[in-house]
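Take a look at the structure below.
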Amino acid sequence: MGNCVKSPLRNLSRKMRQEETSYTVVQTSEEGLAASGELPGPLLMLAQNCAVMHNLLGPACIFLRKGFAENRQPDRSLRPEEIEELREAFREFDKDKDGYINCRDLGNCMRTMGYMPTEMELIELSQQINMNLGGHVDFDDFVELMGPKLLAETADMIGVKELRDAFREFDTNGDGEISTSELREAMRKLLGHQVGHRDIEEIIRDVDLNGDGRVDFEEFVRMMSR
């Protein structure tokens, strides 16, 4: 079984509790407002419900609240909202809209849903898909594959809807990418103070897989899954 987002989040949550005397943590009141000011909905949700977004640069770290605390039991059927989450992830990677996902895209699709599959797991899945499904996965196959994982491992995980909502709040101009200025503004809102341009550029360089100087949704998912 691949590594799940919930494990690093729990580790970082413990680290946050150990270090909160030396860092400024985003605090939320009973009404759900951050002490540093009222945040937009998805950003506030993320601040309340995540442990730590990123831990690259010390003062540029963003500490976020742990959560997504709905305990899900494996001995039940998928709920409608969980099926919709699977459908949304499937649509994201059904690039030519033919109703199939290529097995090469399955790893990124799983990461979008909050799973960090190992290389061995991806190899095994690819072999299974190539042997039994002709190298492509339709939605029913996808539900059969991902449903048990969703039932067994989604407690404390970041779902695709939460990631997409948060990405939209970072991507203020709606062009599908997060720029240096957009990331700096989001961090200012979460931290309550401005982060230096050089620090922001370092963060973007670290997560910018294609080297275009901006963060797209796939790169954002990887950043949030660290």
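Keep in mind that glycine also has a Cβ here, set from the backbone N, Cα and C atoms.
Here the structure is a predicted model, which means the values were calculated and not measured.
Quick look at what Swiss-Prot annotates:
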BINDING   Asp94, Asp96, Asp98, Tyr100, Asp105  Ca(2+) 1 binding site
BINDING   Asp171, Asn173, Asp175, Glu177, Glu182  Ca(2+) 2 binding site
BINDING   Asp208, Asn210, Asp212, Arg214, Glu219  Ca(2+) 3 binding site
DOMAIN    81-116  domain 'EF-hand 1'
DOMAIN    135-152  domain 'EF-hand 2'
DOMAIN    158-193  domain 'EF-hand 3'
DOMAIN    195-226  domain 'EF-hand 4'
LIPID     Gly2  N-myristoyl glycine
LIPID     Cys4  S-palmitoyl cysteine
MOD_RES   Ser179  phosphoserine
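Features recorded in Swiss-Prot, as mapped to the structure shown.
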residue : record                : CB count, 10 Å
Asp94   : Ca(2+) 1 binding site : 19
Asp98   : Ca(2+) 1 binding site : 9
Tyr100  : Ca(2+) 1 binding site : 21
Asp105  : Ca(2+) 1 binding site : 17
Asp171  : Ca(2+) 2 binding site : 21
Asp175  : Ca(2+) 2 binding site : 11
Glu177  : Ca(2+) 2 binding site : 18
Asn210  : Ca(2+) 3 binding site : 10
Asp212  : Ca(2+) 3 binding site : 11
Glu219  : Ca(2+) 3 binding site : 19
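Under 8 Å, Cβ to Cβ, and six or more positions away along its own chain, Glu182 (Ca(2+) 2 binding site) finds Phe170, Asp171, Thr172, Asn173.
Listed stretches 81-116, 158-193, 195-226 were compared with the domain 'EF-hand 2' (135-152); the greatest number of C-beta pairs under 8 angstroms is found for 81-116. The C-beta environment of Asp208 (Ca(2+) 3 binding site), restricted to residues of the same chain at least 6 apart in sequence and closer than 8 Å, consists of Arg214, Val215, Glu219. Mean predicted confidence for the domain 'EF-hand 3' (158-193): the pLDDT average there is 78.
Between the listed recorded positions, namely Asn173, Ser179, the fewest other CB atoms within 10 angstroms of a CB are found at Asn173. Comparing the binding-site residues Asp96, Arg214 on other C-beta atoms within 10 angstroms of each C-beta gives the minimum for Asp96. For the domain 'EF-hand 4' (195-226), residue counts in helix, strand and coil come to 19 helix, 2 strand, 11 coil, using DSSP. Per Cα geometry, Ser179 is the residue among the recorded positions Asp96, Asp98, Tyr100, Asp175, Ser179 nearest to Asn210 (Ca(2+) 3 binding site). Between Glu177 (Ca(2+) 2 binding site) and Tyr100 (Ca(2+) 1 binding site), the C-alpha separation comes to 25 Å.
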